[in-house]
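For reference, the structure is listed below as structure tokens.
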Amino acid sequence: MSLRQRLAQLVGRLQDPQKVARFQRLCGVEAPPRRSADRREDEKAEAPLAGDPRLRGRQPGAPGGPQPPGSDRNQCPAKPDGGGAPNGVRNGLAAELGPASPRRAGALRRNSLTGEEGQLARVSNWPLYCLFCFGTELGNELFYILFFPFWIWNLDPLVGRRLVVIWVLVMYLGQCTKDIIRWPRPASPPVVKLEVFYNSEYSMPSTHAMSGTAIPISMVLLTYGRWQYPLIYGLILIPCWCSLVCLSRIYMGMHSILDIIAGFLYTILILAVFYPFVDLIDNFNQTHKYAPFIIIGLHLALGIFSFTLDTWSTSRGDTAEILGSGAGIACGSHVTYNMGLVLDPSLDTLPLAGPPITVTLFGKAILRILIGMVFVLIIRDVMKKITIPLACKIFNIPCDDIRKARQHMEVELPYRYITYGMVGFSITFFVPYIFFFIGIS
């Protein structure tokens, strides 16, 4: 057998959805009973989507064949009295299947753009379920919108900015690679889909795995030598964070083993090539006279390019959101630097020592997070309400159905880019200015 054939066999084994289902069963996740009748109903509901390239290769009723993202969802497990029950359990809420049965769990989040809801599942190991729910949230918007501001407002603005640069680069390349390779999510059945929020995206590579690899490695690279702490702490953090995020994606039924390995190795390659330029990029963003114009134009061009790679999916909006956030944070840091609101410590003060934890320090940190997040969320909601109707009006797109309107590039790109650009700008300029004004900077 040639090397190419062996590699093809290895790829096939690592991509096998049965391995994902086996891992789920090992962790106490099983599909509820009475799947066959409900599967036929789902196939009828999904028939109009047969033209989507993410749905090609599916044979209706074939339980083990290649199937697209989103198949076999909205299952109706049996009630204790034998009657069917609609899928009404969401966001990790649990109900009882019966007196002696394991509890059931629904999808973490409903996909607001596609209307998808994850199928219910029998979960017998709830500590693992909670752990992997936490792990998968380490790659979602809620985590990012808390994590990056916390670094910038409370810990180290320089590290926070450079983490964002790396995150934008890694996530952009990962999202574009997905739309070029176009591999579907693991087939369901046999896999149980516990999460469907990203189910309309392609699978290879896992951008959760990429983010879960890039962030902890970059944190250690950026902070070790700048801050005083034992290196062993960082060497413990990296595998714990990375493995938790990666395994959570298999547990949720969203990725094959191959997707995870590819995402991890792809991130290592990106960091090896681009990490030496992070310092140069950050300095350019802060100090160059025309940096804001170049930042906005470059990120917008990258967003337009990514929108041409494939038909509509939620990944296009996510890409625009990532690019908008990165552009806003970079532009905000430029303005903040030139106004002298936030100054990085001089090199002769390094390595920095952590300040003693006092009630005053802790109180200021909490106050900064509360005030800052309230302001950021207000900005996000206001920009949402402005940009979608405005884009619809400019491009003559009906906005009666917001979900359909957002599937047009002319609406989704400016909405996400402008909204999250303002969010990023608020994080690095408006909010620090408020802190300076009220005396908690």
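Positions of Cβ are set from backbone N, Cα and C atoms, glycine also.
Owing to the predicted nature of the structure, the values given are computational and were not obtained by experimental measurement.
Swiss-Prot lists region 'Phosphatase sequence motif I' for one of the ranges 16-24, 133-141, 178-186, 403-411, namely 178-186. Looking at Ser112, Ser203, Ser315, Swiss-Prot tags one of them with phosphoserine, and that residue is Ser112.
Of the listed segments 205-208, 285-288, Swiss-Prot assigns region 'Phosphatase sequence motif II' to 205-208. Beyond its flanks by at least six residues, the transmembrane segment (290-310) meets 53, 172, 175-176, 179-180, 182, 202, 284, 316, 319-320, 323-324, 326-327, 330-331, 334-335, 409, 412-413, 417, 421 of its own chain at Cβ-Cβ distances under 8 Å. Beyond the ends of the transmembrane segment (227-247), by six or more residues, the same chain brings 131-132, 134-136, 138-139, 156, 206, 208-209, 211-213, 215-217, 219-220, 260, 263-264, 351-354 to within a C-beta distance below 8 angstroms of the stretch.
Counting residues 6+ beyond its ends, the transmembrane segment (359-379) has Cβ neighbours under 8 Å at 145-146, 149-150, 153-154, 422-423, 426-427, 430-431, 434-435, 438, 440 in the same chain.
Looking at the region 'Phosphatase sequence motif II' (205-208) alone, the prediction's average pLDDT is 91. Long-range Cβ contacts of the region 'Phosphatase sequence motif III' (248-259) within its own chain (Cβ-Cβ under 8 Å, at least 6 residues beyond either end) map to 11, 14-17, 19-21, 23-24, 27, 29, 108, 128, 131-136, 138, 183, 185-186, 188, 191-195, 198-199, 203-206, 208-209.
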